[in-house]
Number of protein chains: 2
Amino acid sequence: MGDPVGARQFVSVGELPLEYGGTLPGVTIAYETWGRLNAAGDNAVLICHALTGDAHVVGPAGPGQPTPGWWDGLIPAYLNPEDWYVVAANVLGGCQGTTGPSSEAPDGRAWGSRFPAITIRDQVAAEAALADQLGIDRWAAVIGGSMGGMRALEWPLLYPSRVATAVVLASTGYATAEQIAWCAPQLAAIESDPHWHGGDYYATGEAPVAGLGIARRIAHVTYRSEYELATRFGRNPQGDGRFAVESYLDHHATKLAGRFDAGSYVVLTGAMNSHDITRDRASPLSNLHAKLVVAAVDSDRLYPARLSTELAEAADVPLHLVKSPYGHDGFLLELDQVGHLIAEALIR
Amino acid sequence: MGDPVGARQFVSVGELPLEYGGTLPGVTIAYETWGRLNAAGDNAVLICHALTGDAHVVGPAGPGQPTPGWWDGLIPAYLNPEDWYVVAANVLGGCQGTTGPSSEAPDGRAWGSRFPAITIRDQVAAEAALADQLGIDRWAAVIGGSMGGMRALEWPLLYPSRVATAVVLASTGYATAEQIAWCAPQLAAIESDPHWHGGDYYATGEAPVAGLGIARRIAHVTYRSEYELATRFGRNPQGDGRFAVESYLDHHATKLAGRFDAGSYVVLTGAMNSHDITRDRASPLSNLHAKLVVAAVDSDRLYPARLSTELAEAADVPLHLVKSPYGHDGFLLELDQVGHLIAEALIR
């Protein structure tokens, strides 16, 4: 009996060749599914989670599953498991069952600092290996927001014959200077935490939770909007004399540090920074076989709408705008708008 | 012979009562001046520096002065010392000669964690004590941007008879939720640095430079614009394989950590967070005796223009817009526009 694993299943996909060279051996992928693959094999939908998400798209928290679904309500309201076989996998490099830096390397110790630098394309290759194992030749749709949108975008570029529709929400064709800039103090905070030990802290019994908490505070502000913070918190004090907005960020810092691995955070941040669909490709979107659906959140400052506009223009498709006061997190919070977009993208 | 002190002069102003109660004993203020006070005593101008600035508004770096002037060129082009007696003081709580946490307390040890929480109003009271010593009854103008703008705004509210004109650039009537939110990970980074020692690191021979560097990286991004980072750095790599924008932030982190005290950074951040001209005052700007000049930088996201608009509307004065691609730092970088505003504000 191991630790409880929630509703996750696990599959071994063996050795994975990596974009930067070399291979990652013994890769396991954790995933959840809803519904059944139909006889024609044409009803499979892949949902790609963002940086700190996981395979648990919908459903309650419970043993082995620290968080409720991050798109709770999407299934069945907008993706009915009577019609669709929905798959969501924990991302390569993550910490919810898929191989990442906290996983055991072949020598029985955690990978830690030995975990290789990976790219979004490597993450998609891992998802393709999962699709092979599940007998899915072609996805009816690959859907994701933020880092998940990066994968949803790379999917039809890496595997043109395996994706009918890609839905890319609040994302980009490449990590921008500002996105990389915001990651810099986050990485520095984790890596200068004395419990980090160069990434090899797994056997110490301590983790760089302070550094990860600082990273989360930075990231969380970038995920929201100035307007929301002003109207929701303003200068309101807490009972303890601190500002309510400080307490709010403390809460998010503590919550993430309690459920997420700092090593995964660093590896996945590196993968996001590597993201650039034009790497080794000329005009990648000009002859896309898949149908591309692109949506931006109007108040998103981390993935500003111009980045989605660039994608839509390069692929010659319309740009959809999700209206939200919440900023980047609007792609998670505006479930009705996003759900309708997804349902519409799936109409055959 | 002590350390070199650049062009600074020093004055003792004794004990300073503090807004939150208690007093700070033995306060010294470091300042620089340009020009002479005229016989009428009506040509004195006070320039208030921002968070990591100092009294050295113009002029080269040199022994005892790690940085060149932060508004280099403002004097004499827009403030001629033939006409004006320009004074700039290092702020209370700072680290360039004015009493702050790194200064000696009466017991001969650094204040460190014993340095009291101070407000923008305390900083202005210290500047008023300096004005007393310099024989300045009334400033022709008090000018500042960002945290300096907070002081320029508090000056005529605390001392209505002592300010003819207040010039408030890229600033606000109160620290917003977002400004406080951005400070939270900065403070956490400094305070969780193992060299911080609860603020009492001065005798250890080490300083929380890693934490201060993380704070600076965060702050620096908030000071610039997404547009500038995108067009200036994009995804350009450095020779070492890192991104140019990462290297740029490293550079600013190292530079600040080498010249600025982390204890001052924490104390001054607290003072900025305290800023609220409506504390214990109703409609403070509705009957202002001083002439108020308000300017925002159009691309400023840390002190968005709406905050200056609120000030201008409350005081029933026009809003000036500095046009700049650089964001908040535009108030430092757009010297011609800012200089013209200042020169115009001083026309009698």
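Glycine is no exception: its Cβ is also placed from the backbone N, Cα and C atoms.
According to TrEMBL, the features are:
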DOMAIN    B:43-333  domain 'AB hydrolase-1'
ACT_SITE  B:S146  active site, nucleophile
BINDING   B:R216, B:D329  substrate binding site
ACT_SITE  B:D300  active site
ACT_SITE  B:H328  active site
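Sequence features annotated in TrEMBL and their locations in the structure.
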residue : record                   : CB count, 10 Å
B:S146  : active site, nucleophile : 27
B:R216  : substrate binding site   : 25
B:D300  : active site              : 27
B:H328  : active site              : 26
B:D329  : substrate binding site   : 23
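DSSP classifies B:D300 (active site) as coil under the three-state reduction. DSSP classifies B:S146 (active site, nucleophile) as coil under the three-state reduction. Spatial neighbours are here defined as Cα atoms within 10 angstroms of one another, and by that definition the neighbours of B:D300 (active site) among the recorded positions B:R216, B:H328, B:D329 are B:H328, B:D329. If you measure from the Cα atom of B:R216 (substrate binding site) to that of B:S146 (active site, nucleophile), you get 16 Å. B:H328 (active site) and the residue listed as 'active site, nucleophile' are 8 Å apart (CA-CA, integer value). DSSP assigns B:R216 (substrate binding site) to a helix. In the three-state DSSP assignment, the secondary structure recorded for B:H328 (active site) is helix.
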